[in-house]
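So TrEMBL lists the following for this protein:
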- 1-21: region 'Disordered' (REGION)
- 81-99: transmembrane segment (TRANSMEM)
- 187-207: transmembrane segment (TRANSMEM)
- 228-247: transmembrane segment (TRANSMEM)
- 253-273: transmembrane segment (TRANSMEM)
- 370-390: transmembrane segment (TRANSMEM)
- 402-424: transmembrane segment (TRANSMEM)
- 444-463: transmembrane segment (TRANSMEM)
- 490-515: transmembrane segment (TRANSMEM)
- 527-545: transmembrane segment (TRANSMEM)
- 575-595: transmembrane segment (TRANSMEM)
Amino acid sequence: MDHHPIPADENEMTSTSPQMQMQMQMRRNKLSSHFQGDIDDDGGVGVVDIRGSPMGSAELARTGGWVAAVFIFGNEMAERMAYYGLSLNMVIFMFNVMHRPFAASANAVNNFLGISQASSLLGGFLADAYLGRYWTIAAFTTLYLLGLVALTLCATMPALQAPGQDECDGFAKLLGKCQQPHPWQMAYLYAALYTTALGAAGIRPCVSSFGADQFEERSPVLDRFFNLFYLAVTVGAIAAFTLLVYVQRNHGWAAAFGALALAMAASNALFFMGTPLYRHRVPGGSPLTRVAQVLVAAYRKRHIKHTTELLYEVGGAKSAVRGSGKIEHTEELRWLDKAAVRVEGQEEINNPWRLCTVTQVEEVKILVRLAPVSACTVMLSVVLTEFLTLSVQQAYTLNTRGLPVACMPVFPCLAILLLLALYYRAFAPLARRLTGHPHGASQLQRLGLGLLLSTLSVAWAGLFERYRRAYAIRHGFLPLFLTPMPGLSAYWLLIQYCLIGLAEVFCLVALLEFLYQEAPDAMRSLASAYAALAGGLGCFLATAINTAVDSITGDIDAGRPSWLAQNINVGKFDYFYWLLAVLSTINLIVFIYFAKAYKYRIKPPTTPHN
């Protein structure tokens, strides 16, 4: 007979004596009271103030909501401005000021981007386990500011820059003939750069979840919050691709990095000003410990047939996990259920390494189920990373009509702004007619649409690159890979830029919303870190793909240039784009498989078809 969870009091009162029942009840009450002080009586997750005290109705009425969210948007806007500003300018700074080779500079920045995203798991862990989201953001945003100040000093003080600045012209830099920086100068630069990476790692998994915490659980406005949150991200990126480029070109590196530091300082002040308005959630203790307990307990009972046993859960409406409501049992990943099997005659209640609650087991199941969906966005990050460099190289050979090449990445951001502006007026009503979903499309449907648009973007990029290269050969520009071709406009790149911009907003907004709503209550920061982890893995995978393609397709001895040759006119960027299109298509098929198999924790609402 199939086994289903039942309340702990029923579980323990089968086949036990009255004296044993009383002892078990006392132990259970002791365990529950230790963990549940911050859970509402109705079993929901309690909202607390900054001191950890439960909020009353009067406090709830004057805190949270859109007013509190505005202060959080400002922090995210400045953080994204700094992140994109560094990703755009650091390669050029290291090449021009630190005299590092272009390839080494690009790899260093790719590593910075990857580490800053992949290490977001650390920020998510600290927020869920010990600090809470507010204090994690407060600590790491201060660290971020210190890193930006250190970079500003590097751009300001000649002693921190490579020697021989006046003796090194552009041709010497290309040939690598300039004086190299001292090891201690590079150590300082890397320390400052990775301090900002660590700061970003603590902010990124927490800020969207902390913003969503300002609204009621399952609030119908959460999808609008995540759209506006990504609008703040986009505005920060636009500022980096336009205002920062202007400041750097007209006032130098010190002014550019100093502007980032000032923006971050202002956003920190704005964030702290909003402190009286914030609602907080209680940290639930180490999520990694709870995961380990489930795995160990399940392994210890691997030979037990749990279909003949009963699963353990604490009595009443409250969960044993601090900061989390109860989670209903599911039939997936049933081998993990053995961690919650109560073995008759064994005193295990006080030892979570031997007996876990159903809620604790379901937390692990949810993390496992979320992983494949998040992993399918790694390929999107690969495409975004490649576009940051490949599209810029294309733009250098095209007529930009006076627009600085460094500003070209602003066009995906403008596409994002356009979609966010029209989403509820155009896309949602049209999609609602097709899907019956009140928001136009479910989170997984929007993710799939974003991955499809990403695939189309690299396929189009391959087609245009084939035409661009043929044009360069026909008009004698083969060796002139840094010379714009007057007859071919750079604005043909807008098609691939707009497609990838739309892909980004569909994918990443839906992913953030999906991870927040599907994650266990006490693991939301950790689950949100899945998105950043996928982004970091995409950066590393992009570097690995570039290295593999370069080594396989190029042969210096035979005089055969790589697909990714420095001279784009003799390389085969079109082949590389089509390789990305093939990988993206495979990734989309895999995503569709996991999306069809996924079961939402809360069934998505539907409306009748019109």
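Cβ coordinates are placed from backbone N, Cα and C, and glycine is handled just like the others.
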Looking only at the recorded stretches 187-207, 228-247, 253-273, which one has the largest tally of CB-CB distances under 8 Å to the transmembrane segment (81-99)?
228-247
Determine which recorded stretch among 187-207, 253-273, 402-424, 490-515, 575-595 has the most C-beta pairs below 8 angstroms with the transmembrane segment (444-463).
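The listed stretch sharing the most Cβ pairs with the transmembrane segment (444-463) is 490-515.
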Counting Cβ pairs closer than 8 Å, which of 187-207, 253-273, 370-390 has the most of them with the transmembrane segment (402-424)?
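Counting Cβ pairs under 8 Å, the winner is 370-390.
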Could you tell me what the rest of the chain brings near the transmembrane segment (253-273), counting residues at least six beyond its ends with Cβ under 8 Å?
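For the transmembrane segment (253-273), the list is 71-72, 74-75, 77-79, 81-82, 85-86, 89, 93, 97, 137-138, 141-142, 144-145, 148-149, 151-152, 154-156, 239, 243-244, 247.
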Go through the chain and flag residues at least 6 beyond the ends of the transmembrane segment (527-545) whose CB is under 8 A from any CB in it; none is fine as an answer.
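Cβ under 8 Å, 6 or more out: 107, 110-111, 113-121, 123-125, 201, 204-206, 208-209, 366-367, 370-371, 374-375, 377-382, 384-386, 508, 511-512, 515-516, 518-520, 579.
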Under a Cβ pair cut-off of under 8 Å, which of the recorded stretches 187-207, 228-247, 370-390, 575-595 contacts the transmembrane segment (490-515) most often?
370-390
Using a Cβ-Cβ cut-off of under 8 Å, list the residues of the same chain that are 6+ residues beyond the ends of the transmembrane segment (228-247) and lie near it.
69, 73-74, 76-85, 88-89, 208, 211, 255-256, 259-260, 263, 404, 406-407, 409-410, 413-414, 416-417, 420, 505, 508-509, 512
List, by number or range, the same-chain residues at least 6 past the transmembrane segment (575-595) whose CB is under 8 A from its CB atoms?
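Sequence-distant neighbours of the transmembrane segment (575-595): 372-373, 376, 378-379, 382-383, 386, 390, 444, 447-448, 451-452, 454-455, 458-459, 461-462, 465, 545, 549, 553, 563-564.
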